[in-house]
Ligand code: NCW
């Protein structure tokens, strides 16, 4: 039996566009994900978030489920186009939804944890020069974040400025798999820079408002990279893969600079870094209160002279989830140790960890998702090992509370510990939810 610390924060996570639906209600205007998902060929079978889990109307039932599972905290995100449906135009009706949600959570003694930006950029912001490509996006974001702090600042103990900037920049502007679907590496790095800058400016605004009792941080998706062999060239490939996925975001936040090896590599691809202005890195590296870590998988790479990053992914030996991601709990341990050693002694939270598997409702009306239980258990063991060695890990949020709109994969990938029947919107607690409930109750794993 492995015990967790007494105050360990057990939670689950979701995001607005993935669960809410109600895309035209109470003054909300489209986000880039509405546009992207309605563009032919961008999402699996043309799926959109129009209805999703209909959480906008069913939030009370969903909070009831959270209570049933016994979570201490719930991480959700706020939809920017509900709060500012147009540039500079605040929409109190949109804010009311989150006030109702937070009230419901507090009534049930569940700590609200809010992500300010989980990828649903207002379409109006995109229409003004490409969204995050425009340096004004920083100003728009800070106006939005400040409004959230004014209205909900002290009732939300944990604020997360951004979810996975790697995804909202590289995957969205460089690889093109996510909205807005650009494939331009220079743009990807401009977007990443403005997103990081908006993070720093929002932290500054938060500090100036002196919000009592609440803390602010950022969530990064981190993918440890390992060389395929002991060869020096494979080690170099792993160094670049690490720079690409991890250091490009960790270094500016914790060290106040972009990694030099990556600057050199990238400059050959994108030319001048003229979008980095004086003082930007000071802003990006303003002190935060905690780091959110989203961990799903690792990468193994070998040297490839012809690829942009000089690295080519090779499949690892472990089992894979439905996303095709190799399961590697020991890499979570390596990652946490490395963060502690090289970057920060601040509190860390695993703000997302979980897996998509082929879930089916069986004749007994249940979902026997043993693989997910195994996945979560092994990752919790890795987390516990880190804590046992003195690591400052304060909580763990399963991705996700319930099955939802998995971006470009539509509804074809199920990450939930609660099953959603999209025809009827019926929720069924999977075996993993029942198991997680016991873990929380006992504050330990077997
Ligand atoms: S795609 C992605 N996700 C999933 C999404 O549903 C959620 O909104 C995100 O926060 C599940 O959790 C995050 N993250 C991208 C992770 C990149 C992993 C890279 C694998 C490379 C082999």
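Note: Cβ is positioned from N, Cα and C throughout, glycine not excepted.
Curation plays no part in TrEMBL annotations; they are all automatic predictions.
Under the heading substrate binding site, TrEMBL lists 18, 118, 163, 296, 399, 406, 407. In the three-state DSSP scheme, residue 407 (substrate binding site) falls into the helix class. Counting every protein chain shown, the number of other Cβ atoms lying within 10 Å of the Cβ of residue 407 (substrate binding site) is 25.
What TrEMBL records for 164 is active site, proton donor. In the three-state DSSP scheme, residue 164 (active site, proton donor) falls into the coil class. A simple way to gauge crowding: the CB of residue 164 (active site, proton donor) has 24 other CB atoms within 10 angstroms, across all the protein chains here.
What TrEMBL records for 352 is active site, nucleophile. Sequence-distant neighbours of residue 352 (active site, nucleophile) (same chain, six or more apart, CB under 8 Å from its CB) are 13, 219, 221, 294, 295, 296, 397, 398, 399, 400, listed in sequence order.
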DSSP three-state assignment (helix, strand or coil) for residue 18 (substrate binding site): helix
Cα-Cα distance maximum in Å, computed over every pair in 18, 118, 163, 296, 399, 406, 407 that the record assigns to substrate: 18
Rounded Cα separation (Å) that holds between residue 164 (active site, proton donor) and residue 18 (substrate binding site): 15
Structural state of residue 399 (substrate binding site), classified by DSSP into three states: strand
